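If you look up Swiss-Prot, you'll see SER91 marked as active site, acyl-ester intermediate. Positions annotated as substrate binding site by Swiss-Prot: SER151, LYS255, THR256, GLY257. Taken from Swiss-Prot, the feature N-palmitoyl cysteine covers CYS32, and the record attributes it to sequence analysis. Residues annotated as S-diacylglycerol cysteine in Swiss-Prot, with sequence analysis given as evidence: CYS32. Residues or ranges marked as signal peptide by Swiss-Prot on the basis of sequence analysis: 1-31. The annotation site 'Increases nucleophilicity of active site Ser' is assigned in Swiss-Prot to LYS94.
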Amino acid sequence: MTFSALPFRRADRRRLLAAALAACALTLTAACDSGTVTVPVTDSVTTSAVADPRFAELETTSGARLGVFAVDTGSGRTVAHRADERFPMASTFKGLACGALLREHPLSTGYFDQVIHYSAAELVEYSPVTETRVETGMTVRELCDAAITVSDNTAGNQLLKLLGGPEGFTASLRSLGDATSRLDRWETDLNTAIPGDERDTTTPAALAADYRALVVGDVLGAPERDQLKAWLVANTTGATRIRAGLPADWTVGDKTGSPAYGSALDVAVAWPPGRAPIVIAVLSTKSEQDAEPDNALLAEATRVVVDALG
């Protein structure tokens, strides 16, 4: 079965956003679809987290603004630094987009086996997989694989279309209970990361909570949760970020982002042997537009997280 990925009509997007806001944004718990999820996106939640002075020292030595939120889902212990400040979302949205589609369309429906067709005119910068598949199209499953494992930007845009664009994607976050994160633009415009610009931003606490809900919580059914985990574990773009700061025997799934202003972003779920998962979001950005991202900063911040959580 084939179809073209066309955006939802404007009225449909408005209705979806309004419904999500009415149902979920006023409470920070959501019973939408399956499961109830509490999303720690407010100051009152993160004020109880451990604040480690080593994060401030890393900021001084790196010249970057650093945001961290991590939670041990077994003990409930958390570590935070600038956890409620806004940072660019960039390509970290791609894992959440696939999670939203899995939530709407269980694997048993066959939705992820449908072929999406797109034109060469829709290709954007850095699309290593989709640029080779213009003639054949790609299944939704293949688009998620490309968007998460190699961060293919055209694949990300096709997934956004299926959700009703940036507005529909944001509505899906609201239905999780995330009243903070927002996506306003498409790839690659969403990567400007201008300091003080709230478009296309999230916070470490909100981003970690969203990934926790989808990968560890009961928002998704077991088959869908396993599929999202498999895509994240297969990611090839994060070897020098959070993964580099974790013990070698931990299983790790993550999604990175690298927008302008030297921003280095990573959000991960890690499974230590014999322990409950740990969810970690480490986000950084700099003041110069053409600065280089500091992958080593994210790795070192992760080492601090592991030490602080014990």
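Keep in mind that glycine also has a Cβ here, set from the backbone N, Cα and C atoms.
Every protein chain considered, the tally of other Cβ atoms within 10 Å of the Cβ of LYS255 (substrate binding site) stands at 28. Residues within less than 8 Å, Cβ to Cβ, of GLY257 (substrate binding site) and separated from it by at least 6 positions along the same chain comprise PRO88, MET89, ALA90, SER91, THR92, PHE93, SER151, SER263, LEU265, ASP266. Sitting within 8 Å of the Cβ centre of SER151, LYS255, THR256, GLY257, and not among those site residues for substrate, are the Cβ atoms of ALA90, SER91, THR92, LYS94, GLY95, ASN235, THR237, GLY238, ASP254, SER258, LEU265, ASP266. Around the residue listed as 'active site, acyl-ester intermediate', a 10 Å sphere centred on its CB holds 25 further CB atoms from the protein chains shown.
Between the alpha carbons (Cα) of THR256 (substrate binding site) and LYS94 (site 'Increases nucleophilicity of active site Ser') lies a span of roughly 9 Å. Within 10 Å of the C-beta of SER151 (substrate binding site) there are 26 other C-beta atoms, taking all protein chains into account. Within 10 Å of the C-beta atom of LYS94 (site 'Increases nucleophilicity of active site Ser') sit 29 other C-beta atoms, taking all shown protein chains into account. Residue annotation for substrate gives SER151, LYS255, THR256, GLY257. The furthest Cα pair among them is separated by 8 Å. Within 10 Å of the Cβ of THR256 (substrate binding site) there are 28 other Cβ atoms, across all protein chains.
In this structure the C-alpha atoms belonging to LYS94 (site 'Increases nucleophilicity of active site Ser') and LYS255 (substrate binding site) are separated by 8 Å.
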